[in-house]
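Undergrad: First the structure, which I've put down as structure tokens, then a few questions once you've had a look.
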Amino acid sequence: METLTISTASKTYPLYIGDRIRFEIQSFLNNLNGNFSSILIITDSNVEPLFLNDIKTSLTDFENIYSYVVPGGEGAKSFSVFYDLLTYALENELDRKSLVIALGGGVIGDLAGFVAATYMRGIPFIQMPTTLLAHDSSVGGKVAINHPLGKNMIGAFYQPEAVIYDTDMLLTLPEEQWRSGFAEVIKHALIWDADFYNWLHSEIHTLADLRAEKLQYALAKGISVKAQVVAQDEKESGIRAYLNFGHTLAHAIEAGLGYGKMSHGDAVAIGMLFAIRVSEEYYGINLNLSKFKEWFKQYNFPQIPKELGADLLLQLMKKDKKAQNGSLRMVLMKTIGEVETVKVNDEFILNTLIKELEEVQ
Ligand SMILES: O=C(O)C(=O)C[C@@H](O)[C@H](O)[C@H](O)COP(=O)(O)O
């Protein structure tokens with residue numbers, strides 16, 4: 001097992017990563033010295049049959065352990081599920097010393113984290129990621145639910161007490177989940193670390209290559225990028241926006257199709273290719289977009305959904321949280337490992353969207 005330290009302006013906390021460490025949860029909680037009064041485990045219908053019991057039986061020192069299972073998928077990041085969770089917490093008399101455990105992927109981390117951030121103005125929580133994608137979402141304290149008009153529109157920056165990342169839990173993931181998480185791994189390389197990108201490019205030809213020591217390496221690298229960025233800019237006043245590379249179009253696609261129709265990582269992969277195309281045109285440089293497209297095809301990332309159309313996509317992209325005074329801002333790539341946030345005009349993005357959609361086979 002390895003222990004990393006995540007330091008942000010508001011909080012420093014441990015990230016434990018290792019094989020089968022879910023069974024050690026009680027000792028991790030003891031290390032936190034939180035004197036927790038009760039536990040609420042929030043998980044989803046996919047994770048519950050696999051791991052909920054392991055966690056409950058490993059929490060040997062608690063009498064009051066509650067659990068709440070939401071439906072699997074992005075649809076659970078809704079106001080009604082959030083409200084039901086708060087009702088459940090109130091009915092079971094959770095107090096300010098109660099601990100929320102987010103047991104699941106990015107959806108559960110975001111939802112449970114937002115419950116913890118808002119219940120009684122904030123109670124402690126820990127992240128127990130069960131997906132590859134959550135190497136990104138469990139670190140850095142972005143918690144949120146969606147609004148039909150925009151993704152993650154209602155949320156907070158709220159750091160967990162700890163992240164407990166049991167890599168054994170990843171082994172049950174279906175192919176689509178590996179692909180979805182891998183998109184965020186690629187993102188971390190592209191925005192920050194050209195050597196890491198070269199390693200991914202030469203070592204990970206198929207998702208099946210992401211096993212054993214390669215998985216550990218990819219996770220450690222991805223988490224390290226995330227940790228470095230949030231250490232410098234917890235609340236996204238500057239460089240944290242780089243972590244949004246590919247997300248302006250991704251969130252538009254997710255909202256446009258309806259949450260849960262396309263996985264977040266698939267949408268991010270499409271969004272990154274689009275951001276590379278915009279970057280080429282904006283800076284007048286050649287980033288080898290066609291090579292990136294070929295590379296992404298190797299993992300079966302989908303193409304941009306043509307049916308949404310350029311006008312709707314632009315309209316949805318303009319709802320992005322990075323927009324200022326109605327102007328769209330995107331994270332663009334100057335070279336692999338170096339990005340910046342720039343203001344882009346609507347007409348330019350619309351035309352680039354039209355070109356991108358025309359190329360869909
Ligand atoms: O941690 C961040 O900052 C990120 O932007 C990471 C993203 O991969 C993640 O999807 C995040 O939740 C998106 O944030 P949002 O502010 O664009 O909703």
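Yeah, the Cβs are placed from backbone N, Cα and C, and that goes for glycine too.
So TrEMBL has the following annotated:
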type	residues	note
DOMAIN	68-179	domain '3-dehydroquinate synthase N-terminal'
BINDING	Gly106, Val107, Ile108, Gly109, Asp110, Thr130, Thr131, Lys142, Lys151	NAD(+) binding site
DOMAIN	181-323	domain '3-dehydroquinate synthase C-terminal'
BINDING	Glu184, His247, His264	Zn(2+) binding site
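Can you walk me through where each of these features ends up in the structure?
TA: Broken down by DSSP into helix, strand and coil, the domain '3-dehydroquinate synthase N-terminal' (68-179) contains 47 helix, 33 strand, 32 coil.
The Cβ of Asp110 (NAD(+) binding site) lies under 8 Å from the Cβ of Lys77, Ser137, Lys142, Val143, Ala144, Ile145, Asn152, Gly155, each of these being in the same chain and 6 or more residues away along the sequence.
His247 (Zn(2+) binding site) falls within a helical segment according to DSSP. Around His247 (Zn(2+) binding site), a 10 Å sphere centred on its CB holds 26 further CB atoms from the protein chains shown.
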Undergrad: Taking every protein chain shown into account, which of the binding-site residues Ile108, Lys151, Glu184 has the largest tally of Cβ atoms within 10 Å of its Cβ?
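TA: Output for this query is Ile108.
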Undergrad: Under a criterion of Cβ-Cβ distance under 8 Å and sequence separation of at least 6, what residues of the same chain contact His264 (Zn(2+) binding site)?
TA: Glu74, Gly106, Leu133, Ser180, Ala183, Ala250, Glu254
Undergrad: From the centroid of the CB atoms of Glu184, His247, His264, the recorded Zn(2+) site, which same-chain residues not already listed sit within 8 A by their CB, in sequence order?
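TA: Going along the sequence, the neighbours come out as Gly106, Leu133, Asp136, Ala183, Lys187, Gly246, Ala250, Gly265, Ala267, Val268, Gly271.
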Undergrad: In whole Å, could you give the widest CA to CA gap in the NAD(+) site formed by Gly106, Val107, Ile108, Gly109, Asp110, Thr130, Thr131, Lys142, Lys151?
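TA: Across Gly106, Val107, Ile108, Gly109, Asp110, Thr130, Thr131, Lys142, Lys151, the two farthest Cα atoms sit 22 Å apart.
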Undergrad: May I ask which of the binding-site residues Gly106, Ile108, Thr131, His247 have a CB within less than 6 Å of any atom of ligand 1, listed in sequence order?
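TA: The ones that qualify, in sequence order, are His247.
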Undergrad: Note the mean pLDDT of the domain '3-dehydroquinate synthase C-terminal' (181-323), expressed as a whole number.
TA: 97
